[in-house]
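Take a look at the structure below.
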Amino acid sequence: MKSTKNIHQYVFVILIIITIISQILLNYTFRSSVDDNQIKTLFWVRHLFSFGIPGVLILWQVQDTILHSKEKAKDYLWGRIRYIFIPYLIFGLIYSMYESQVNEESIYDSFLNIVIQGNWHGAFILVILQFTILNLLLRKRFRYYKTLVIISLVVSVVYLSNQQIFQYPFFNNSTNILGWLFFYFLGTYVGYHYHTLKKLIKNNKPIIVFVTIFAFFLFTYFNEGYGAEVNLLEPALLPYFACCFFLIYSLAMSLVGLKQDLTKKIASYGSFILLFFPIIAPFLFSFFGFLEEQTALLFIFGLLFILGMSLGVAEILNQYTLTRFLLAKAFFTDDTN
């Protein structure tokens with residue numbers, strides 16, 4: 001189990017880095033100096049790096065299935081409320097207060113729009129909460145059937161392809177479980193067949209690379225047009241996200257042991273980093289805007305700036321009992337025991 005957690009820590013850290021890169025690309029896209037040709041290029045590049053959050057959700061469900069399949073329902077639910085949902089509410093309330101001042105609206109309206117409806121970067125926590133409910137309902141049912149992975153893929157694709165359904169309130173945001181159902185059943189299946197699939201991943205790395213490339217080109221074939229706005233849950237992207245998860249997993253298996261202390265530190269604060277870093281990312285160009293023409297340096301310094309700031313704030317918050325509740329814990333380390 002220790003080796004499993006080590007691998008998952010590396011997977012989690014890689015996915016966090018990918019998510020940060022995606023956010024930097026988003027901020028870069030809306031710079032006034034970006035022309036139409038650059039927007040077209042950025043459209044494809046941003047989709048290429050858009051698998052961060054979907055990968056985190058798949059990994060979460062894999063780890064959840066492995067570690068907590070035999071845990072009592074009461075303890076399981078309380079653990080999610082204590083380490084995930086309460087920090088989400090507190091962090092969301094603070095962010096709502098900030099947004100209410102910026103947009104000149106009431107805190108109640110801001111809180112309802114951001115935290116309850118999930119119209120912000122922390123919406124993935126609401127998806128995790130829905131995964132938790134499904135785990136409680138389906139934990140002892142249908143867990144071994146790979147057919148459900150295929151069925152859930154069809155359900156998610158059909159749901160995301162039906163644009164008319166989004167006019168109804170229940171279906172009008174990106175947190176609806178129907179859009180994420182494929183990731184839930186994929187993560188559950190991988191979790192229950194972890195050791196078998198781990199061997200397959202280890203022995204078939206070239207095939208995984210090829211299938212991932214093919215899946216992305218499949219998306220480019222079906223996609224119509226381009227623009228500055230990028231929708232995370234595109235129907236044609238779901239197979240690509242699944243392939244990327246296995247690709248990152250195979251990479252992580254080769255990295256285990258490299259900078260292990262740093263990896264564990266980032267992983268332990270990973271959920272907080274995902275909630276916190278989009279707030280400071282827009283200020284990146286205020287400090288490193290002079291590197292805008294030096295793309296490689298911009299991303300290197302950007303990653304160091306965002307990770308360094310996020311880890312520093314997390315360490316400070318962790319020193320005090322009152323502020324420690326802001327630190328949403330990931331279940332990829334032993335810190336929640």
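Don't overthink the numbers, they just go from 1 along the chain as shown.
Cβ coordinates come from backbone N, Cα and C, glycine included.
Residues or ranges marked as transmembrane segment in TrEMBL: 12-30 (among others). A Cβ distance under 8 Å defines the sequence-distant neighbours of the transmembrane segment (12-30), meaning residues of its chain 6+ beyond its ends; these are 39, 42, 45-46, 49-53, 55-56, 59, 228, 230, 248, 251-252, 263, 266-267, 270, 273-274, 277-278, 281-282, 284-285, 292, 298-299, 302-303, 306-307, 330, 332.
Look at TrEMBL and you will find 42-60 (among others) tagged as transmembrane segment. Long-range Cβ contacts of the transmembrane segment (42-60) within its own chain (Cβ-Cβ under 8 Å, at least 6 residues beyond either end) map to 8, 11-12, 15-16, 18-22, 25-26, 28-29, 34, 124, 127-128, 131, 180, 183-184, 186-187, 190, 216, 219-220, 226-228, 230, 232, 234, 237, 240-242, 244-245, 248, 274, 331-332.
For 69-311, the entry in TrEMBL reads domain 'Acyltransferase 3'.
Residues or ranges marked as transmembrane segment by TrEMBL: 81-98 (among others).
Residues or ranges marked as transmembrane segment in TrEMBL: 118-138 (among others).
If you look up TrEMBL, you'll see 145-165 (among others) marked as transmembrane segment.
Residues 4, 54, 57-66, 69, 127, 130-131, 134, 143-144, 146, 148-149, 151-153, 155-157, 159-160, 171, 233, 238, 241-242, 245 of the same chain, all 6+ positions outside the transmembrane segment (177-194), place their C-beta atoms under 8 angstroms from a C-beta of that stretch. The transmembrane segment annotation in TrEMBL covers 177-194 (among others).
Positions annotated as transmembrane segment by TrEMBL: 206-222 (among others). With a cut-off of 8 Å between Cβ atoms, the residues of this chain six or more beyond the transmembrane segment (206-222) that come close are 44, 47-48, 234, 236-237, 239-240, 242-244, 246-247, 250.
Outside the transmembrane segment (237-258), and at least 6 residues removed from its termini, the chain residues within Cβ reach (under 8 Å) are 3, 6-8, 10-11, 14-15, 18, 47, 50-51, 54-55, 58-59, 153, 156-157, 160, 182-183, 186, 198, 201-202, 205, 208-209, 211-212, 215-216, 218-219. Residues or ranges marked as transmembrane segment by TrEMBL: 237-258 (among others).
Here TrEMBL flags 270-290 (among others) as transmembrane segment. Away from its own ends, the transmembrane segment (270-290) comes close to residues 12-13, 16, 19-20, 23-24, 27-28, 31, 53, 56, 84, 87-88, 91, 95, 121-122, 124-125, 298, 301-302, 305-307, 309-311, 313-314, 317, 326-330, 332 of its chain (Cβ-Cβ under 8 Å, at least six residues beyond either end).
According to TrEMBL, the feature transmembrane segment maps to 296-317 (among others).
Beyond its flanks by at least six residues, the transmembrane segment (81-98) meets 107, 110-111, 114-115, 120, 122, 125-126, 128-129, 271-272, 275-276, 279, 325-329, 331, 336 of its own chain at Cβ-Cβ distances under 8 Å. Here the transmembrane segment (296-317) has long-range neighbours at 17, 20-21, 23-24, 28, 265-266, 269, 272-273, 276-277, 280-281, 284, 287-288, 323-324, 326-327, meaning same-chain residues at least 6 beyond its ends whose C-beta is under 8 angstroms from one of its own.
Sequence-remote contacts of a segment are chain residues at least 6 beyond its ends whose Cβ falls under 8 Å from one of its Cβ atoms, and for the transmembrane segment (145-165) they are 171, 176, 178-182, 184-186, 189, 233-235, 238-239. With a cut-off of 8 Å between Cβ atoms, the residues of this chain six or more beyond the transmembrane segment (118-138) that come close are 53, 56-57, 60-61, 64-65, 68, 73, 76-77, 80, 84-85, 88, 91-92, 95, 173-175, 177, 180, 184, 187, 271, 274-275, 278, 328.
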